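Copied over from TrEMBL, here are the features:
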DOMAIN    14-406  domain 'Major facilitator superfamily (MFS) profile'
TRANSMEM  14-35  transmembrane segment
TRANSMEM  47-68  transmembrane segment
TRANSMEM  80-97  transmembrane segment
TRANSMEM  103-120  transmembrane segment
TRANSMEM  141-160  transmembrane segment
TRANSMEM  166-185  transmembrane segment
TRANSMEM  224-246  transmembrane segment
TRANSMEM  258-278  transmembrane segment
TRANSMEM  290-307  transmembrane segment
TRANSMEM  313-335  transmembrane segment
TRANSMEM  347-368  transmembrane segment
TRANSMEM  380-401  transmembrane segment
Amino acid sequence: MEYVEKNGMDKRKIVFAAAFFVIFVCSASAAFSVFSIPLQKATGGSASQVVLTLTIYQFFMSLFGIISGRVVDKSGPKKLMYIGGLVFGLGWFTTAFVTSIPLLYLTCGVIAGAGNGLLYNPSLNVALRWYPEKRGTISGALLCAASIGPLITAKAGAILCDQFGIHGLIYLGIAYLIVIWLVGWKMRVPEKGWMPDGFSKTEQGAAAAQIAYSPKEMLSTKTFWLLLLLFSIACTAGIMMIGSLSSIGQTQLEMTPIAAANLVAVNLLSNLCGRLVIGKLCDKLGELETLAIIFILTVIALIGLSFSYTLPIFIFFLIILGASFGGVLVVFPPLTSKTFGMKHSGINYGIMFFGYSIGAFLGPQIAARFVNKASGIKAYHMPFIIATIVAILGLILTVVMRKIIKKPSFS
């Protein structure tokens with residue numbers, strides 16, 4: 001089936017490029033930390049109260065990811081790009097004028113989070129529909145935008161914060177809206193029954209065309225709940241450590257706050273590289289096989305980090321952890337569509353994405369609860385042990401899932 005524009009450009013590449021820029025903008029929450037202190041001053045809230053905004057943001061992102069998934073499955077993504085761009089930009093724009101914590105929760109937590117949910121899931125899902133023959137590779141390439149985005153938006157946010165204080169968010173909100181509207185109109189789903197040349201003839205293509213779980217049918221399977229648990233475990237183990245990187249560097253390596261901030265950059269870069277490599281592995285080996293490799297690398301990295309008291313060794317294991325954890329979000333979109341079909345993949349992955357939200361909530365909480373500042377450079381030894389145990393449980397569950405998910409009677 002023809003899928004070339006009148007100007008000769010491949011529709012698949014256009015949709016991919018549009019999705020890449022939308023996901024790039026959706027990583028804007030990275031700029032939030034830059035405005036943390038100005039927001040504390042503007043609202044009169046504590047650091048913990050301001051940081052709670054991100055938890056609210058994550059929840060509404062997941063909630064509206066389900067809603068947007070249903071819209072995409074029924075009527076396509078274009079209107080969502082316009083509405084989501086407006087809501088997302090408006091959320092950040094109005095955050096520039098907050099004067100209290102409840103107002104911050106509303107503008108940045110609820111409104112911006114909802115806007116993100118209307119954009120992120122549809123963009124990723126629609127792009128993957130155009131590349132059924134290499135979903136892992138495309139998932140990895142798109143999620144590189146989520147790694148590059150924080151490097152740029154955080155830098156831009158820092159410059160704006162330095163020049164305008166909290167009002168720098170006005171310019172970010174407007175910029176987010178403009179970028180999304182400029183590229184969002186190019187988002188579209190393939191025609192019903194479309195498959196790339198040669199793919200529909202393969203065994204994989206034939207199988208993909210036959211699977212079509214509705215959200216209700218998916219929720220009634222044991223497979224879904226085990227995959228949701230697996231997603232949560234994979235995210236908990238990684239986020240538990242990644243979210244505390246700066247503090248770990250200052251405590252375990254006795255670094256200055258400025259020097260410790262460089263560890264975050266190392267993690268982001270290794271995260272980016274990991275997503276590209278793991279995306280290709282996913283297509284070559286399979287999703288669950290790749291996930292098992294991710295857990296093995298995570299266990300090795302966590303054990304190594306727990307005994308790393310010199311910077312070179314610490315960075316070596318951090319690169320392994322960053323690369324492996326970066327692959328978690330790469331694996332689950334194609335795994336969800338492969339297991340439950342593409343027909344309802346928009347809403348189905350929106351529901352599955354709650355696994356990430358669970359991990360994003362539990363991970364930092366566990367790290368904060370079990371850190372022992374009285375132990376000096378070994379303050380994070382217990383969180384490392386717990387994260388390692390969680391990763392081992394994830395590996396065991398992955399091996400079990402690999403054996404039973406292929407059984408037709410299992411669902």
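Every residue, even glycine, has its Cβ placed from backbone N, Cα and C.
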* Feature contact check the transmembrane segment (80-97) with the transmembrane segment (224-246), CB under 8 Å, 3 or more pairs -> no
* Could you check if the transmembrane segment (47-68) is in contact with the transmembrane segment (347-368), meaning 3+ Cβ pairs under 8 Å among residue pairs at least 6 apart in sequence? => yes
* Asked: What is the pLDDT of the domain 'Major facilitator superfamily (MFS) profile' (14-406) when averaged and given as a whole number?
  -> 86
